[in-house]
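Step one of this worksheet: look at the structure below.
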2 protein chains.
Amino acid sequence: MGNAAVKNADETWVYAFGGGTSDGDASMRNLLGGKGANLAEMAKLGLPVPPGFTISTAVCVAYYDTGRVYPATLDAQVSDALAALEGKTGKGFGDPENPLLVSVRSGARASMPGMMDTVLNLGLNEAVAAGLAGKAGDRFAYDSYRRFIQMYSNVVLGMGHDEFEHILDDYKEREGLDLDTELTADNWKQVIVRYKEAVQKELGRPFPEDPREQLWGAISAVFDSWMSDRAIIYRKLNDIPANWGTAVNVQSMVFGNLGDTSATGVAFTRDPSNGSPIFYGEYLINAQGEDVVAGIRTPAPISRERANTLGSSDAPLEEAMPPVYKQLVDVANTLERHYKDMQDIEFTVEDGTLYMLQTRNGKRTAAAAVKIAVDMVREGLITEEEALLRIDPTALDQLLHPRIPSDDENKKAGNAAYDVAFKGLPASPGAAVGRVVFDSEEAFALAAKGEDVILVRVETSPDDIKGMHAARAIVTARGGMTSHAAVVARGMGRPCVCGASDLRINTAKGEFTARGRTFKKGDMITVDGVNGRVIAGAVSLINPDLSGDFGEFMGWADKRRTLKVRANAETPLDTRTAVEFGAEGVGLCRTEHMFFDEERIPAVRTMILSNDETGRREALAKLLPMQRSDFEEIFRILGDRPATIRLLDPPLHEFLPHTDEDIAGVAKASGLSAEELRRRAADLHESNPMLGHRGCRLGITYPEIYEMQARAIFEAAVNIFKEGKLKPVPEVMIPLVATHRELDILKKLVDETAQKVFAETGVTLDYMVGTMIELPRAALAAGEIAQAAEFFSFGTNDLTQTTLGISRDDAGKFLPIYSEKGIYEKDPFVTLDQEGVGELVKIAAERGRKTRPDIKLGICGEHGGDPASVEFCHRAGLDYVSCSPYRVPIARLAAAQAAIRGAKK
Amino acid sequence: MGNAAVKNADETWVYAFGGGTSDGDASMRNLLGGKGANLAEMAKLGLPVPPGFTISTAVCVAYYDTGRVYPATLDAQVSDALAALEGKTGKGFGDPENPLLVSVRSGARASMPGMMDTVLNLGLNEAVAAGLAGKAGDRFAYDSYRRFIQMYSNVVLGMGHDEFEHILDDYKEREGLDLDTELTADNWKQVIVRYKEAVQKELGRPFPEDPREQLWGAISAVFDSWMSDRAIIYRKLNDIPANWGTAVNVQSMVFGNLGDTSATGVAFTRDPSNGSPIFYGEYLINAQGEDVVAGIRTPAPISRERANTLGSSDAPLEEAMPPVYKQLVDVANTLERHYKDMQDIEFTVEDGTLYMLQTRNGKRTAAAAVKIAVDMVREGLITEEEALLRIDPTALDQLLHPRIPSDDENKKAGNAAYDVAFKGLPASPGAAVGRVVFDSEEAFALAAKGEDVILVRVETSPDDIKGMHAARAIVTARGGMTSHAAVVARGMGRPCVCGASDLRINTAKGEFTARGRTFKKGDMITVDGVNGRVIAGAVSLINPDLSGDFGEFMGWADKRRTLKVRANAETPLDTRTAVEFGAEGVGLCRTEHMFFDEERIPAVRTMILSNDETGRREALAKLLPMQRSDFEEIFRILGDRPATIRLLDPPLHEFLPHTDEDIAGVAKASGLSAEELRRRAADLHESNPMLGHRGCRLGITYPEIYEMQARAIFEAAVNIFKEGKLKPVPEVMIPLVATHRELDILKKLVDETAQKVFAETGVTLDYMVGTMIELPRAALAAGEIAQAAEFFSFGTNDLTQTTLGISRDDAGKFLPIYSEKGIYEKDPFVTLDQEGVGELVKIAAERGRKTRPDIKLGICGEHGGDPASVEFCHRAGLDYVSCSPYRVPIARLAAAQAAIRGAKK
């Protein structure tokens, strides 16, 4: 678009709205931004919108494409628009006799805090203020003028807000004045002189008197704010591309501060915190918009119903200005019916006349979103499909965990505000309360005694799995949204706050400090994984409700989706959670997680440290009954649902001790010297373990390991079958296959083991053998691999690592810079890289199906719970996705959305 | 074939030859093995071949497919063949009156030491020996019988050879006998009794009397020997698939030991050591074949010419048996003309009658191979193309390095036999003489003083590069053919023996021991990289001759090939070597190798340890003139040949010190504390450096590094151009690109830098910007990447690592087992995996060309010097291959062979 702008000198850059005509409408959101498009739409609907014009996002794009130069024709178009605005309002910009004042606001495609917000009353200078004084009263005129100087200096000229506050406080003190309302026009004039001196002193130039200079200053400030650090960070966190750009809205001012017949306010057409269908909002008499936001005066509730809910004694707008209130309710209803969604509106009443300044789809909690969508279907406003498409699947996550009461709920319950100790990244949703523990072993031990603990670590490693599972929540000082702690916590459904940079842990002392406070081991804290907060003390949490509206809503989703949804689970708890959340089977049961268990790891280590097959077989014989009972429990929970069980995958060195202390412990237990143990560990050390001796390479070199695991699976399945009620469906999965020859060898081993178990027990069960497709070579050789494989499960985590050549563990050093530069639009470990990894998935699916038309195709790994990736899987024609239990509802909804969108095309 | 054998009961398993008919011929080598096919062919040509039959390789395959069970119809077919043989010879197998004795020999498709070789005189037992005594003399009969028992017991029954030697020595001593020839028939009878007792005692069963049992014992011994450890190892080393199988040849005996009118011998139709067209061979009067091999008696030269060459006083066959000699020369000429290649023949003279026992294409040194091929073209026997196809390209490597004189040459020069201290893998060809050094720094220092040194290490790492380059040869105790030492040594053209398991290095004492001997630092040794030998003392080496026959031969190759050949080179020495060996440019100049130089690494480290861009830029400014002068030198050597220069690739931590000593040194030099340095190194540490912060990711995150390197390249090119004679052609290559966006950003940086340099200097030169294709994603996205890339260089080393998910550094733990099981037929790091990696190369080539039809496509990395991979590149339509300088002639020949074979199709 940028280039087109440069090339096409005839392009329209400016779009007028209000006063009878609108160049734009709501469909032009990409060009006009959300605010601009909706102002135009409201004007078209005949609602009372003060006229103005929008400078399009294309200008912003062109501005950055050309090194911050405006398109040549922009200046003329703005002048024309301004002239037209003067015509519509019958006022003159900079005309002291009848001055046109405007507001200037940013407005991007997506709502974006972090950018310049608003400048009001623009167009005032000494002469205009004097003129305005004659028409609207001098106190109003000079109060407005000083507000303008203050706001413009801060927002456009970049001066501190405090400076002006100091000047005002200083002045009031010297004059013995207390409240702003006590200041007269003359007082304000004196304050204005001081304000202007401050600007001159700090910037070395006077405050601009020329309204056009003011206007262009404000326009540039909006465009420049698009690349402010805060805006860049916000975009990164919210996946907003930099090349969307922002628009600028210039609108004639209306005044809520012309006396007691004027007012300003904001409202939601329904309650955004829980979705209740009440008119929700607040307003201030005799005030300008920013007063509501600034919080200097406490706004009053808008309706009687809301006032009652809050127990407020202030008069609601409903009673203070009944005709205006009635008109506002009509407008709100019109807008909701028109947009078919809950609206967030801003309005101003100027001397008894209502003006609409903004409408947009209102932000809401996930709970509210579901309730509103379900209600609107009942009200006949939208269809079930529209309701399904309206909810961001990832937002559901909030509904599946206990949560912290909202500030409102908290206040209503009569509690003090939350005492936030520190913040970090909201790495895994939900909330939990527990005592601080710094050590995984200790977390496990205390949890075993029934204590609720929160594991607080600098960062986590596979050694911490047991402690993480035992803890109610995890907090780390280091690591991003895809760090070990974050990924594992999401997988386990544990709330997690990670990368908390204020957190300093002193394990030796058994304490941590954050923002100057010290917390000791055993102190009670509350972790809010949704908002990335850690709160001192215990907060009473609210439990999720999976039935009611949520249940109905998910039912609609299940009716529409064609993709099945399974869960990645290996513990009975996870498996049970998965089934509760609607999983249709287990798509990935990682048997190595069972190996880390305290009771088992000695046998695992003995096996690894054995010099020969005999030694390994002895150790494996000890593991067999334990693995068998794991599988029995999982089969029992799953019933007739299938379970894909992956044979041992990680390199063996992961099971060996790393710290001196652990080595000493294992040495003692194993009878080997610490030195010998260290030597063996060094022998097993790998330069690139991700590409090392792991996956089926273990099965090829130590077939006895896979043989034991296959035996455990089949014996467990037979045992459960013999109990008489269930018929387990084991799917044995071979990891890290690159060639069909690997699978041929290992499938033979699995089949032979199955036949032995069936012969020994006299029970024969159906089962499948298949493979992970997680290496590019496997995707390419899928046609040959499918000769032996009855299913493919795309291991997109490893497939992403190998296809892109990026180690997930090491990507932190450059992937953030890559996102910043737009090299990967989204983190490829969160959202599937469709161009690269996706092509391999498609190639493998096609080749696999060509060899074996009924081959079952699924995806496991983090991508299985990412809506964009789920949509890809739907389009690629896979049979199922598998994700962590807590993401199952997300995947169900995403799959439904994909089916609906697919059917539309 | 195995399955077919089981299914098809009518299959012919046994093929007769000789006595007027032959079921097979030379074209049936795959089925009959080399020996069997050639015996059949010779018989067809009417040459005197003792009749016999061949049990095909299909039997061997079936035998192993079914768990060592023979095809059902085999027994009958062998019986029929034996009956036919009795008919042809007029003798009876096991018939004391007129006994048929046979030899049993293995014979695979490729000559394969490691398998069972030969059993002679089979069919003898007490009765048959007695009968034979009546016909051919009793001494002959019992001498033959005891030889048979000895050979059969050893080869078939698995008894030690020494045991029988002890019995015989013991007997001779007791009887006061000195030479075997002094033993009478009765003596032999007594020895035979003792032999049989020894067999009974050791095996618990008698020596088999039944000739058919003997025969089946020998047949099974041949088939079983196919899976002996030695055979398996040999196959692995020589890339022979296990499913080829071996054949068994059963042939009626002729006797060279029937007195002074009998003889046996071996001959080559030309000199296999240098290719001279003389009749070359040796023989023994009154002897059996194994006597020539056993070395108990010294054979005499076959021809007068050869006797003169050797200065032998023994009568040559030419004079001892003139008619037989004449007949033999005729046979030899017939065979050479028939096979159009130098033949290696075995013959026996039985009582004045010549019999041919074997012919095959003779093994020869690379020098002989070239001379014979060139001579045969001159003689009109073969065409240039046939000559080119006849030479194994890898064998050329031997011709490019100084070499150890052959044992013959050494003897002729009057020197003592070589004193081999120990052996290892022949990891990099050539030979070198020098003093033992254990430390890379010391190797560098001594070399700088003009000393020839041999670097002896347990294994090598990137820290040793400087020392390896300074050394004349490298020897390691650990590591295989693709270990760091091996790969780097081949790249540098340094002879290397690696994985020498007898070598025990004691660095502290400054010595090593091997096979019980101790060598000290400074001791002189000679390294023979062709044969994997390390010889005590200094051997006088022979220098290569690249002109003459070799030059003519390579000229033929250059005429035919369409693929260009470049070299991977970064030092002036390597570049010069590459040009001498015929490289048409540099395909990969790794700029990081220049960073390891002692003078530079401090600046490199300062750069890495800088906290900000300013610090990095300061350090880079110091590196700029050094890099520039490197490039100047390379451009000067290359002239108008193009040079592809790869910008910095390895992760930065590779440049930081690792040992405590080095850390202390760097700390001192850099002004940082050792602890700080260690912390920074830990910060840079990566779990999987292969997939980490390297390649263009460095250029994206630290653009100043690539900017400096681009500047150095362009300034160097301009400087050389200004000298007035040459016009350098720089091709700037961006490594590890995965998306077109990376290349877009970095190409812009390179182009801007070029424009700056051109503007500053007033000289504008042509250059190209391109990329490595070394990640699967890059191959898939090649169409988009080609929009910015003017060339692709396939980095097949990394592409193999990522496509197969195998870390080359860690593959040693499982890749050998993978080869054993046939999962990868060849080491995918040596020979390109065509199914997987190859498909990505083809996809990228196709997509790249679609976007940019004239895009230049090449391959760099080890595969560029592997003939099979070169052939693939030819078929894939690439423009060039690039390999290490010493492999350039190999690639030239391989490219010619690919072109010739391609044209034939």
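Any Cβ shown, glycine's included, is placed from N, Cα and C.
Feature annotation from TrEMBL assigns active site, tele-phosphohistidine intermediate to A:HIS484. The number of other Cβ atoms within 10 Å of the Cβ belonging to A:HIS484 (active site, tele-phosphohistidine intermediate), over all protein chains shown, comes to 19. DSSP assigns A:HIS484 (active site, tele-phosphohistidine intermediate) to a helix in the three-state reduction.
Under the heading active site, proton donor, TrEMBL lists A:CYS860. Take the CB of A:CYS860 (active site, proton donor) and look out to 10 A: across all protein chains shown you find 29 other CB atoms. Reduced to three states, the DSSP call for A:CYS860 (active site, proton donor) is strand.
TrEMBL lists A:ARG590, A:ARG646, A:GLU774, A:GLY795, A:THR796, A:ASN797, A:ASP798 with the feature substrate binding site. For A:THR796 (substrate binding site), the same-chain residues lying six or more positions away in sequence with a CB closer than 8 A to its CB are A:GLU774, A:LEU832, A:VAL837, A:VAL841, A:ILE859, A:CYS860, A:GLY861, A:GLU862, A:HIS863, A:GLY864, A:SER869.
As annotated by TrEMBL, Mg(2+) binding site applies to A:GLU774, A:ASP798. Within 10 Å of the C-beta of A:ASP798 (substrate binding site) we count 23 further C-beta atoms, all protein chains included. Classification of A:ASP798 (substrate binding site) by DSSP places it within a helix.
According to TrEMBL, the feature domain 'Pyruvate phosphate dikinase AMP/ATP-binding' maps to A:30-67 (among others). Mean per-residue pLDDT, taken over the domain 'Pyruvate phosphate dikinase AMP/ATP-binding' (A:30-67), amounts to 95.
Among the features that TrEMBL reports, domain 'Pyruvate phosphate dikinase AMP/ATP-binding' is placed at A:72-302 (among others).
What TrEMBL records for A:326-379 (among others) is domain 'Pyruvate phosphate dikinase AMP/ATP-binding'.
When DSSP labels each residue, the domain 'PEP-utilising enzyme mobile' (A:451-532) comes out as 18 helix, 28 strand, 36 coil, counted as helix, strand and coil in that order. Under the heading domain 'PEP-utilising enzyme mobile', TrEMBL lists A:451-532.
According to TrEMBL, the feature domain 'PEP-utilising enzyme C-terminal' maps to A:547-898.
Between the domain 'Pyruvate phosphate dikinase AMP/ATP-binding' (A:72-302) and the domain 'PEP-utilising enzyme C-terminal' (A:547-898), the number of CB pairs under 8 angstroms, six or more residues apart, is three or more, so the stretches are in contact. In this entry, nothing among the recorded positions A:ARG590, A:ARG646, A:GLY795, A:THR796, A:ASN797, A:CYS860 has a C-beta under 8 A from a C-beta of chain B.
Between the CA atoms of A:HIS484 (active site, tele-phosphohistidine intermediate) and A:ARG646 (substrate binding site) there is a gap of 20 Å. The C-beta environment of A:GLY795 (substrate binding site), restricted to residues of the same chain at least 6 apart in sequence and closer than 8 Å, consists of A:PRO735, A:MET772, A:ILE773, A:GLU774, A:CYS860, A:GLY861. Long-range Cβ neighbours of A:ASN797 (substrate binding site) (same chain, at least 6 residues apart, Cβ-Cβ under 8 Å): A:GLU774, A:ARG808, A:PHE829, A:GLY861, A:GLU862, A:HIS863.
On its own chain, A:ARG646 (substrate binding site) has A:LEU588, A:CYS589, A:ARG590, A:THR591, A:MET733, A:ILE734, A:PRO735, A:MET772 as residues at least 6 apart in sequence with a Cβ closer than 8 Å to its own Cβ.
Note on the domain 'Pyruvate phosphate dikinase AMP/ATP-binding' (A:30-67): DSSP counts are 24 helix, 4 strand, 10 coil. In the three-state DSSP classification, A:GLU774 (substrate binding site) falls within coil. Assigned with DSSP, the residues of the domain 'Pyruvate phosphate dikinase AMP/ATP-binding' (A:326-379) fall into helix, strand and coil as follows: 27 helix, 17 strand, 10 coil. Using the Cβ center of A:ARG590, A:ARG646, A:GLU774, A:GLY795, A:THR796, A:ASN797, A:ASP798 for substrate, the list of other same-chain residues with Cβ within 8 Å runs, in sequence order, A:LEU588, A:ASP649, A:PRO735, A:MET772, A:SER793, A:PHE794, A:LEU799, A:CYS860, A:GLY861. A sphere of 10 angstroms centred on the C-beta of A:GLU774 (substrate binding site) encloses 29 other C-beta atoms.
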